Amino acid sequence: MALINRLDSRDPGFKTALSQLLAFEAEQDESIDQAAAGILADVRRRGDAALLEYTQRFDRLAVDDATALEIPQADWHAALDSLPAAQRQALEAAAARVRAYHERQRGETWTYTEADGTMLGQQITALDRVGLYVPGGKAAYPSSVLMNAIPAKVAGVPELIMVTPTPDGVRNPIVLAAAAIAGVDRAFAIGGAQAVGALAYGTATVPAVDKIVGPGNAYVAAAKRRVFGTVGIDMIAGPSEILVICDGKTPADWIAMDLFSQAEHDELAQSILLCPDAAFLAEVEAAIERLLPGMPRADILRVSLANRGALILVRDLEEACAIANDIAPEHLEISTEQPQRWTALIRHAGAIFMGRYSSEALGDYCAGPNHVLPTSRTARFSSPLGVYDFQKRSSLIQVSREGAQTLGRIAAELALGEGLQAHAASAQYRLDQP
């Protein structure tokens, strides 16, 4: 079996082969969905008592009172102080860059006044309270804390509540340190669907939030789907994706490692290279074969590349851009000369990395833009997480007496046409001369 699929856009069956490669349907495991539904209903009904029970069952953490599940801020700062200097400096540098970028996204209230004195506008307000889910256990995701928490605080969210499971009572110090740096307000040692339920419905200990963001396992994803509508959610993310457009002049090892950077996430991750240079594709394939055995996650890489990876020969870079728009990838690298020229042709991508030195990994951690990106072709209609996800817009309408004379007649005419007499009368009552 080949290490990675090879496709040629000139082949008659190319479109079918590409569609099969891209096909991904999130597994709607009925047992997981039903388990999540049961946990949510129980947390909604029994509150803290259910939280304590599920935390003991799933995380083997037994406490007598739900208030003991809250992690004191002093512990976060102790975790921050205990980090190796280089790690702390890296976290703080990344946080500063993420904050600087997202401050440019902050929306502002605006108004304008018409000639008759009528004022119209839009008022921007932040959400009152947001919940942030951070996976726990052996894996540490401090970057997720930064990418989710900092935009919320830049948006002006007064209260940001983090939940993170602590299996066997073991807390992840780098996650707590990131919470201290990012401006999280409260943190609780809870996880799974029960944590989502606590954030959505509230308990005596955990306050209900307006929106839940952050990644999680299948149970967390199922729970987020079910509470959507009661609260807002960010998205239900699919497997990680990278698409690279290359002119054949970037070192092959660089491109191979860029493909690895997403393929190593899990077996369903997707890594694709588009290039008009057949010899370069062969170089990249050779680099993959040479570098892969030395990778710690080689087993995952092999499955991911064999099942969902591809090296695709295209006619030219214009065609590569057209294919990229059809794929609408989460991450798109344009590793070419004059990358701005090709970026102008891209309409659908979560994040675009321009030039040979802009590796996707830099965006994951510290470039500044958010790493929470649309997957599974949803970049056709959705955007990266940002400050705007934590702000709301309210329309402002202040009609002057003079304005009411004009607008009232228009509104009444339209309302009567729709058979809504009270609407019409409401407008007509304000007319000086009906």
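Each Cβ is built from the backbone N, Cα and C atoms, and glycine gets one as well.
Taken from Swiss-Prot, the feature active site, proton acceptor applies to E330 (among others). On its own chain, E330 (active site, proton acceptor) has S240, E241, I242, A349, G350, A351, L373, P374, T375, A379 as residues at least 6 apart in sequence with a Cβ closer than 8 Å to its own Cβ. According to DSSP, E330 (active site, proton acceptor) is assigned to coil rather than to any helix or strand.
Contacts of H331 (active site, proton acceptor) defined by a Cβ separation under 8 A and a same-chain sequence distance of 6+ are given as S240, E241, I242, L243, Q262, A349, G350, A351, F353, E360, G363, L373, in order along the sequence. Residues or ranges marked as active site, proton acceptor in Swiss-Prot (evidence: sequence analysis): H331 (among others).
Sequence-distant neighbours of N217 (NAD(+) binding site) (same chain, 6+ apart, CB under 8 A from its CB) are P135, G192. Marked as NAD(+) binding site by Swiss-Prot on the basis of sequence analysis: Y133, Q194, N217.
The feature substrate binding site is assigned by Swiss-Prot to S240, Q262, H265, H331, D364, E418, H423.
According to DSSP, H423 (substrate binding site) sits within a helical segment. H423 (substrate binding site) counts 15 other C-beta atoms within 10 Å of its own C-beta, drawing on all protein chains shown. The Zn(2+) binding site annotation in Swiss-Prot covers Q262, H265, D364, H423.
All chains included, 9 other C-beta atoms sit within 10 angstroms of the C-beta of E418 (substrate binding site). Other Cβ atoms within 10 Å of the Cβ of S240 (substrate binding site) number 22 in total over all chains.
Of all the Cβ atoms in the protein chains shown, 18 others lie within 10 Å of the Cβ of H265 (substrate binding site). Here the Cβ of Q262 (substrate binding site) has 27 other Cβ atoms within 10 Å, regardless of which shown protein chain they belong to. Of all the Cβ atoms in the protein chains shown, 27 others lie within 10 Å of the Cβ of Y133 (NAD(+) binding site). Put simply, Q194 (NAD(+) binding site) is 47 Å from E418 (substrate binding site) when counted between their Cα atoms.
The Cβ of D364 (substrate binding site) lies under 8 Å from the Cβ of S143, S261, H371, each of these being in the same chain and 6 or more residues away along the sequence.
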